[in-house]
Amino acid sequence: MSDQVKIPRATLKRLPLYYRFVSSLKSKGIDRVNSKAISDALQIDSATIRRDFSYFGELGKKGYGYNIDSLLDFFKSELSESDMVKIAIVGVGNLGKALLTYNFSIHDDMTITEAFDVKEDVIGQKIGNVIVKDNDELITTLKKEEIDVVILTTPERVAQKVADELVQAGVKGILNFTPGRINTPSDVQVHQIDLGIELQSLLFFMKNYSE
């Protein structure tokens, strides 16, 4: 990604959506696509799609559209999916167990390799292909395995404490499923997943924009 262009955060958050859709076209043997087809499938305005893509140079040609293979190569490079991304999860309650069981089965290049909890009845369990470790091993293991990305599913009351430990371990990205906001240094990216807000947003759009 060019260091000369400031890419809007909203654009970056749409890249995985584009990638998943283009991957589905590839699996169907389709070799090119235009912005209207992407718009119809993802319900994103065509102008927004063209603007998003324009930040990354000439990805397509007017009158032709976008080559599927070229788009896939681009998205893989931007989303770091050309290399295996190892992920850890902290907090193996109901949500944590569900995520471990799912373990990004549709993504060949992302996998949860480590899981941590404080509960004695959970530590040592094998969930999916991952054995749950004691939180006491958190910092040491993350450093040793060079894990940069962590999914946080702990109780809210300990979320900040765990986040501080993640920063100490060198983690650069946290997907926070806890209700509370966590504070981290500016070089650590935090994405807050609030299911209540997402559902409220969904209901709003259903009420106001459904045909």
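Here the Cβ of each residue, glycine as well, is placed from N, Cα and C on the backbone.
Beyond its flanks by at least six residues, the DNA-binding region (17-56) meets 1-2, 5, 7-8, 11, 64-69, 71-72, 74-76, 78-79, 81 of its own chain at Cβ-Cβ distances under 8 Å. Taken from Swiss-Prot, the feature DNA-binding region covers 17-56, and the record attributes it to sequence analysis.
Under the DSSP three-state reduction, V92 (NAD(+) binding site) is assigned to coil, being neither helix nor strand. Every protein chain considered, the tally of other Cβ atoms within 10 Å of the Cβ of V92 (NAD(+) binding site) stands at 24. Residues or ranges marked as NAD(+) binding site by Swiss-Prot: G91, V92, G93, N94, L95, G96.
Counting other Cβ atoms within 10 Å of each Cβ, the lowest count among the binding-site residues G91, G93 belongs to G93. Just so you know, of the binding-site residues N94, L95, G96, the Cβ with the fewest other Cβ atoms around it within 10 Å is the one at N94.
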